[in-house]
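Engineer: According to TrEMBL, the feature active site maps to Asp114, Asp362. Annotation source TrEMBL lists compositional bias 'Acidic residues' at 330-340. Annotation source TrEMBL lists compositional bias 'Gly residues' at 498-511. Residues or ranges marked as domain 'Peptidase A1' in TrEMBL: 98-477. Feature annotation from TrEMBL assigns region 'Disordered' to 327-354, 487-526. Per TrEMBL, the feature signal peptide maps to 1-17.
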Amino acid sequence: MSSGLLILSTILSSISATLITSSINESPYSIELRSVAGTQTPILGVAPKGCHVKLRRGAHALPKHLALRSVLGLDQDHIGRREEAEPVATVRLTGQSYIADVTVGDQEIPLLVDTGSADLWVAPATFVCLDENHNETSKEACNIPVYFEGTFSGGVAEDQYFSTSYDNGQYVYGEYGYESVTLGGITVPKQQIALASTGHFRAISGDYSGIMGLAFPAMTAARSGGNPQETVDNEEDAASYDPWFTSAVKQNLTEPIFSLALDIDGGGVFALGGAADVPIKGDFVSTPIVTFNLNKEDHSDAELTYYAFMTEDYIIAGKRLSDHSQWNTTDDDDDDDNAPDETSPGQNHHRRHPDIYPVIVDSGYPINILPPSLIKVLYSAFPTPPELVEIQDDGAVLFAAPCDTEVPSFGIQIGGHVFEQSPGDLLIASANVTVNGTAFCALGSQPGIEEAGALGVAFLSSVVAVFDIGASEMRFAQRDGDALGAGIAGGSSDHGNGTVGDGQGSIGGSSTGNMPAPPATSGVANTNAGGRLLPLWGFRF
C-alpha cells in the first residue's frame, strides 16, 4: 500500500461548497449540505478475499440513536404530531439487523454492524442492567448473550466517556479505553472502544452484545469528562476520537473503502478495502458524499457525520415522481378543506424536486424513511390504500398493506441509473400481523419529514453499496437477483411496458404476482394476537 494513502483527517478538514449549500429555513429542521473533496481516485476493485466478513441477520432491529431519529422526524416531536391528529408511523420495526463476530482483545463478540453510528461498544462482565425506572435489575433482563471478560489492556482513556441514547428510552454509558480489535483479518492493536458498564438496554433477540459503528469520527458518542453519565440533560461537551475504521486507514491497514451486500431475508457480506465480491448486474454508478449537519448535532458543520448523498429521482409505477398528479397537487387544491394535512408543523406545502433531498445510507434501519409527499405518491399506487397497523406487541405502528396485494414498481435514480426495489423490499413479509382475518405486511418505505430521508436494508438488500471515503463518493450496483438465493418474499419483478428513457434504466408499472400471506409463526408478532387497524388521521391518498 502506498505511503500516500488517504489520511482521513485531511478529508474531514477539506470541505468545499461547490456542490450544494442548502438551509431549509421554513421547517423546524435546519439541514446544511456541503460537498466534500476527495483526496484520491476511486478504488474500483473488489476487496481481498481475506477481508470479506460474513454477516448473519439478527432477529431484532438495531436501536437508533436520537440524533438520527430527530432529523427524520421519529423523535418525541414526531410522536407529538400523532397526538395532534397527524398520521405518523413509529418505525420501530423488528426484522433486519446484521451481526458480525468481532475479536475484542482475545474474545470473539457478536456485534451489530451499523453505518449510522461510529462507536464500537461492548457490554462488560460487570454490566449493570437498569429497568425503565433507572433501577438496577437482573442482567438476564437485558438479554445480552456474551459479556466482555477483559479490561482495557491498553489502559483507560482519560477525560472522555461514552454516553448514548436510543429510541424507546434506552441508553448506555461507560468508560473508553484501549484494546486490540480484529475484523476481516485486520487488527488495530490499540483501538479506543467503549465498555458500556451501565444502561437500560434490551437485546431482545439475545444475539448481539454491542455495536460496531462504521461512521465518521464526528458521529462518536464521546463526552468530555471523567464521570460517565446518561446522555439526557447532559451538558458536558461533545468530544471525538478515531473509531476503528478510521484508525485502520490511518495505520495503512486497509484502503479507505468498505462495502456492504445485504440480503433482506438473512445474512450478507461486509468487505474491507474494495467492493464485496458478489454477482451484480451492470456497472457501478457513483454519487458524491455530502456533509449532513443537523440542527440538533453537537459537532461542527465542517465535519462529516453520516454517509449521505442526493438522489436524482424516484420512479413509481413506471412514471417519474414529477409526472404524478399527486406530486403536483398541493394541499390547497384538495376539496376537503377540513381534513387534517399530512405535512409536519412548520413545513410549507410546496412540492420540492426530489434531488434536493439528502438521504442517509444506514444499515441500522430495516426500512427506508422518505419524505411524506413522496410516500403519498407511492402509497397511492397501491390498489388499496395502506393502513396504519399496530405490528408489534410493544405498540410499534407502521403503514402496512395486505400481504397478498399487488405492489407497484418503485425505483430510486442514482448516478443516472434507476435501482429497482424487489416486491419483497416493498412489502416485508417477515413483519406481519393478522387483523380481522387479513394478514398485513409492513411497507418497506415509511414517511418521515420533507427535508431528508434514510435508505435502509429495504434498499441495501437490492444493491452492492460501496463507501469510498478516499474518493468521497458512494457507489452502487444492482445485485443479480438470480444469485440472491431463495427466501425473499414476493415474486419476480416484471418490467412490463413502463420505461424511463434517457438511458437511465427501465422500470415497470407493477410487480407480477402477489405477496404470499406469511404463516402465523413467520413474523415478528403473533399474527393472531394484538394486531389492530388504526385511524389514518387524514393522511390522504
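Every residue, even glycine, has its Cβ placed from backbone N, Cα and C.
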Engineer: Using all protein chains in view, find how many other C-beta atoms are within 10 Å of the C-beta of Asp362 (active site).
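Structural biologist: Counting Cβ neighbours of Asp362 (active site) within 10 Å gives 27.
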Engineer: Under a three-state reading of DSSP, tell me whether Asp114 (active site) is helix, strand or coil.
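Structural biologist: The residue in question, Asp114 (active site), is strand (DSSP, three-state).
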Engineer: Measuring Cα to Cα, how far is Asp362 (active site) from Asp114 (active site) in Å?
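Structural biologist: The Cα atom of Asp362 (active site) is 7 Å away from the Cα atom of Asp114 (active site).
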Engineer: Once the chains shown are all counted, how many other Cβ atoms turn up within 10 Å of the Cβ of Asp114 (active site)?
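Structural biologist: Summing over all protein chains shown, Asp114 (active site) has 25 other Cβ atoms within 10 Å.
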Engineer: Three-state secondary structure of Asp362 (active site) from DSSP?
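Structural biologist: Going by the DSSP assignment, Asp362 (active site) belongs to neither helix nor strand, so it counts as coil.
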